[in-house]
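Here's a structure for you.
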Amino acid sequence: MESLPDAILQYILSKMTAARDVAACNCVSTRWKESTDSVTSISFPRNAFESIPEIQDSDATVLKMISSFRRLEELVVLSPFTSQGLASWMTQVGQSLKLLELRMDNLTSDEVILEAPLKLDCIGSAKKLETLKLWGVLMMTPPKWDVFPNLTSLEIVGARIDDCALCYALRACPNLTNLLLLACEGVKSITITLPYLEHCKLDFFGAGNSLLSLTSPRLVSLDVQGCSWISVPESRFLKSLSIANIAGRVYMVDFRNLSSLEALSIRGVQWCWDALSIMLHQARDVKHLFMKVEFTGNDSLVPFPEIDFVEFFNNHPKLQKFDIHGAMFAALCQKNSLKKLETGFSIPCLEEVVITVRSPLNAEQKMNTLESLVKYAKGLKLMVIRVLRMKSNHSSADDFCDDICKFHYMNEHLVRIE
């Protein structure tokens with residue numbers, strides 16, 4: 001290392017990101033200490049200052065380190081800090097930062113009273129940010145942000161959020177292409193308008209009754225959890241869509257155009273049948289379909305209505321992978337629909353099907369449906385049958401399991417039981 005030219009030594013040391021490693025290199029020699037000023041990315045892990053009792057002292061240590069760099073572009077601080085400390089860091093390096101990741105740890109409302117300025121407000125001075133990641137955020141009042149013209153990626157994980165505050169924050173990020181809001185509590189109704197957004201994941205924690213209106217004409221992937229009403233009027237470029245609601249009901253979905261959709265995931269305890277049937281109707285060209293919904297009904301829990309086997313696959317001719325959970329599989333296993341099997345009927349593109357079976361009821365029709373899938377899906381490469389523990393103590397459960405084992409034996413080149 002001593003024989004290396006200064007430029008190469010600086011290049012090597014500039015690749016370090018861990019604060020502890022940078023501090024250790026500063027102690028090796030004067031030459032190394034002078035070379036570490038070329039560091040552009042620094043990270044302080046959660047336990048970085050566990051031996052320092054006062055947060056103010058750790059704030060000062062971070063400030064001293066980042067002040068020694070010529071141009072810091074990426075700063076990650078997962079260790080505890082104060083708003084005053086963050087304000088001093090932003091004054092020092094805010095104008096050069098492109099990536100900022102902070103573990104805020106301010107979910108309690110005490111900060112509003114005790115700290116000034118607020119941590120969120122301090123971030124506003126980093127005008128050149130391209131990526132912002134925040135953990136443990138309290139956003140009950142609009143942050144004092146102007147505009148982040150270069151910000152393309154915003155991620156907030158674990159937050160208590162007020163609707164108006166979130167809308168204000170998003171308006172300060174007009175050029176986002178990636179938005180992730182994960183485990184966010186308190187969102188009741190949110191309207192998002194981001195013209196360049198391509199990838200969006202929204203996870204609203206709570207009663208599952210949030211309202212979402214999202215207008216983003218370039219949207220490619222969307223993952224929504226915890227919403228009862230969803231409106232996405234511009235969706236013609238959407239390729240991947242996941243809608244889940246494990247706490248509440250899905251009452252309404254409004255997508256004007258899903259002609260580009262390739263992957264659709266629908267999950268939840270209860271969906272209104274109108275919402276579910278609209279999604280299945282619009283996603284005619286989907287290639288991957290995952291369905292795990294237990295019940296329908298606007299209020300009380302209602303079983304799935306019958307779904308015609310032939311009509312369903314005729315309406316989804318490009319389906320390659322189909323993951324069906326109990327209720328949907330039971331709805332497809334109807335005696336009348338299997339009678340309609342026409343000469344020449346086929347399932348042209350289906351290659352993989354995963355079926356979760358929860359009940360031995362209607363066992364004969366379920367076995368007929370499994371056989372029909374093998375018979376008419378000429379390109380089928382794999383069928384996975386997952387048999388959950390059945391509540392019935394009747395011998396029919398044992399008989400049904402025996403039938404599935406025989407079916408597996410007869411089609412062991414295709415069928416796997418889990």
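Positions of Cβ are set from backbone N, Cα and C atoms, glycine also.
Curation does not apply to TrEMBL; its annotations are automatic.
Pulled these features from TrEMBL for this protein:
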DOMAIN    2-37  domain 'F-box'
DOMAIN    116-223  domain 'F-box/LRR-repeat protein 15/At3g58940/PEG3-like LRR'
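Describe the structural context of each listed feature in the structure shown, including burial, neighbouring residues and relevant distances.
For the domain 'F-box' (2-37), the DSSP counts in helix, strand and coil order read 25 helix, 1 strand, 10 coil.
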So, by DSSP, how many helix, strand and coil residues make up the domain 'F-box/LRR-repeat protein 15/At3g58940/PEG3-like LRR' (116-223)?
14 helix, 47 strand, 47 coil
I'm checking region-level scores; what's the whole-number mean pLDDT for the domain 'F-box/LRR-repeat protein 15/At3g58940/PEG3-like LRR' (116-223)?
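The average pLDDT of the model in the domain 'F-box/LRR-repeat protein 15/At3g58940/PEG3-like LRR' (116-223) works out to 95.
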